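Engineer: From TrEMBL, here are the annotated features:
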type	residues	note
DOMAIN	A:53-266	domain 'FAD dependent oxidoreductase'
BINDING	A:VAL103, A:THR121, A:GLY249, A:GLY250, A:PHE251, A:GLY252, A:ILE253, A:THR254	FAD binding site
BINDING	A:HIS156, A:TYR167, A:ARG222, A:GLY250	D-dopa binding site
Amino acid sequence: LSRRLWNKETFEYLLGHVGSPEAEEMGLFLVSGYNLFKEPVPDPVWKDIVLGFRHLTPRELELFPGYSYGWFNTALMLEGRRYLPWLTKRLMQRGVKFFHQKVESFQELFDQGADVVINCTGVRAGDLQPDPALQPGRGQVIKVRAPWVKHFIITHDLESGIYNSPYIIPGSEVTVLGGVNQLGNWSEENSAQDHRAIWESCCRLLPALQDAPIVEEWSGLRPVRPSVRLEREAVGPGRSEVIHNYGHGGFGITIHWGCAMAAARLCGSVLQERLPLRAARL
Amino acid sequence: MAAPKVAVVGAGVVGLSTALSVAGAFPACSLTLLAEHFSPGTTSDVAAGMLIPHAAPDTPIHVQKQWFRETFTYLFAISNSAEASEAGVHLVSGWQVFKSAPEEDLPFWSDVVLGFRTMSEAELQKFPQHRYGQAFTTLKCDCPPYLLWMEKRLKAKGVQMCTRKVASLWELHSEYDIVVNCAGLGARRLVGDQQLLPVRGQVLQVHAPWVKNFIRDGDGLTYIYPGINSVTLGGTREKESWSLCPDPGTAKGIFGRCCSLEPSLRAARDVKVKVGLRPSRGSVRLQREVWSQAGAKILVVHNYGHGSGGFSMHWGTAKEAARLVGECIALLQGSSSRAKL
């Protein structure tokens, strides 16, 4: 399964960086925590990718009334707020140019002379090329100041589906409370109803959160797709090559590096094929 | 007879928890807490407050285990309650790593902490200089919050707290019937206990909020303990050193050792250096005595000498001290009924 491979590649790549001097600037660090279930479930496919995976003991489960089964493991945090600027800085150091502009079509880029376009447009990829398989998975999060929380706590409700059950994730500056995943909902406005559901369910998990000051609240759209679209496609009359890399749902950070390398390999193939053509143009 | 008047001397983790334990067990007592130093000026304030016992040589292991278990159970309930953040009590997971295989596979406390297991090869790769490790989840009591929370609970129970330097327990005999001596290292002068010696510990408290796991070298000298608002980096164990002055060379050494274990600490900021003198003794002195002199009498309960184990054992020893106070109260009631005859 490609997804498991990309997950493994990403984890190992980041784990290799977690001891480096860059880790803090990248927003990268190790964090341990709990996955909670209301009934026994099979072990996840990623159990050997993360560190120290094990089942929860009865005393640990006492911490979480209502949950009767779970996992403990050490995983990686990669905070987008720090990672994106770090990546941007590295790209700029390599001479990559950034343009803040709205792209209306792939063709306009080929007309401007692009040899290949890599499409990482996420949830709005359908604007460039209709994709009925892609839909938003709306999420809302409450960010609080709760620095005593040192573990992630992720609950699972097999009926409501993934990311649709309360979770608590301690970041380097704020702790993120969440747990909604509304398929097909394009609204990026915070919903009072979701706020109440997230707040109440997370405070039930960790009663001390009631005293935690709320710092921010935010809604976003996961780019949900049955599978990640990672493939090349010849488009338009010129049969120009687009490499698609979108549809990562709620696990983009988790598999991004594996996907990036796969997209880079596809890019390499495309450029290789086009070399004779470019030479012919000169 | 009138309600017994009890004084607890000392406002570190042992004094405050002992007072709480006595107040809970004997609500009829009139209880006062006397101390020269209150948080943030106590030895307890320097400690990271991690529940990882350091075996004391002269106390039977089963007793240490019982005290640790009682303390862990008590704090576990607090960590799981709405008061956890105010009390400064929280769970923390991490690793204890060894350069060479430890003497015992399973420390006596391995089944008291949560999820204790041997580290996997993959986990050990993070520590290239170490060949063996243990992973577990335990509790941490951050100070000052934990001490301040106990002070608040004592006030709510009507316990009087006074800043007072007690030069000798005798000076209290006219005001109190029972004195509980939780003076820590101060007991050396206060009751002349020559067995009590300082073991100096220097630590750094740094801002490194991305550090979520503890890391401890099995030799007990190098450790990284993430707290609520800072990470404590340690440390030293300097026997019979009385200096409370931070040593810059030692500070550099601690920082270097901790960065070897956790390289990301190089980005840590706001480094504060602190020093505490562990009140060390072969075993905790937990006993009661009757002091009488020229017709005057006080009943004394000792609860001091916890060395490195103050936080790990405090609730267990507080309960035992309260039990000894109970025996003192019974003695008082016995002699007062005899006096009536």
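Keep in mind that glycine also has a Cβ here, set from the backbone N, Cα and C atoms.
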Engineer: What are the non-local neighbours of A:THR254 (FAD binding site), defined as same-chain residues 6+ apart in sequence with CB under 8 A from its CB?
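Structural biologist: Long-range Cβ contacts: A:ASN7, A:THR10, A:PHE11.
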Engineer: For A:TYR167 (D-dopa binding site), what residues in its own chain, 6 or more apart in sequence, show a Cβ-Cβ distance under 8 Å?
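Structural biologist: A:TYR167 (D-dopa binding site) has long-range Cβ partners A:PHE152, A:ILE153, A:ILE154, A:THR155, A:VAL176, A:LEU177, A:GLY178, A:GLY179, A:CYS202.
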Engineer: Please identify which of A:VAL103, A:ILE253 has the densest Cβ environment, defined as other Cβ atoms within 10 Å, among these binding-site residues.
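Structural biologist: Sorting the candidates by Cβ neighbours within 10 Å, the top entry is A:ILE253.
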Engineer: List every residue in the same chain as A:THR121 (FAD binding site), at least 6 positions away in sequence, whose Cβ is under 8 Å from its Cβ.
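Structural biologist: Listed in sequence order, they are A:ASP127, A:LEU128, A:TYR246.
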Engineer: Between the Cα atoms of A:GLY249 (FAD binding site) and A:HIS156 (D-dopa binding site), find the distance and write it as a whole number of Å.
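Structural biologist: That separation, Cα to Cα, works out to 17 Å.
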Engineer: Where the record says A:VAL103, A:THR121, A:GLY249, A:GLY250, A:PHE251, A:GLY252, A:ILE253, A:THR254 bind FAD, what is the longest distance in Å from one Cα to another among those residues?
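Structural biologist: Per the listed residues, the maximum Cα distance equals 27 Å.
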Engineer: For A:ARG222 (D-dopa binding site), find which of the binding-site residues A:VAL103, A:GLY250, A:PHE251, A:GLY252, A:ILE253 come within 10 Å, Cα to Cα.
Structural biologist: A:GLY250, A:PHE251, A:GLY252
Engineer: A:GLY249, A:GLY250, A:GLY252: which of these binding-site residues has the sparsest Cβ neighbourhood within 10 Å?
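Structural biologist: Comparing Cβ neighbours within 10 Å for the binding-site residues A:GLY249, A:GLY250, A:GLY252, A:GLY250 has the fewest.
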Engineer: Return only the integer: C-alpha distance in Å from A:GLY252 (FAD binding site) to A:HIS156 (D-dopa binding site).
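Structural biologist: With distance taken Cα to Cα, A:HIS156 (D-dopa binding site) is 19 Å from A:GLY252 (FAD binding site).
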Engineer: Excluding near sequence neighbours, so keeping only residues 6 or more apart in the same chain, what lies with its CB under 8 A of A:HIS156 (D-dopa binding site)?
Structural biologist: A:ASN35, A:LEU36, A:PHE37, A:LYS38, A:VAL41, A:ILE162, A:SER165
Engineer: Per 10 Å Cβ neighbour count, which of the binding-site residues A:ARG222, A:PHE251 ranks highest?
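Structural biologist: Sorting the candidates by Cβ neighbours within 10 Å, the top entry is A:ARG222.
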Engineer: Express in Å, rounded to the nearest integer, the largest CA to CA distance found among the D-dopa-binding residues A:HIS156, A:TYR167, A:ARG222, A:GLY250 named in the record.
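Structural biologist: Greatest Cα-Cα span of the listed binding residues: 18 Å.
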Engineer: Provide the three-state secondary structure of A:VAL103 (FAD binding site) computed with DSSP.
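Structural biologist: Looking at the DSSP assignment, A:VAL103 (FAD binding site) belongs to neither helix nor strand, so coil.
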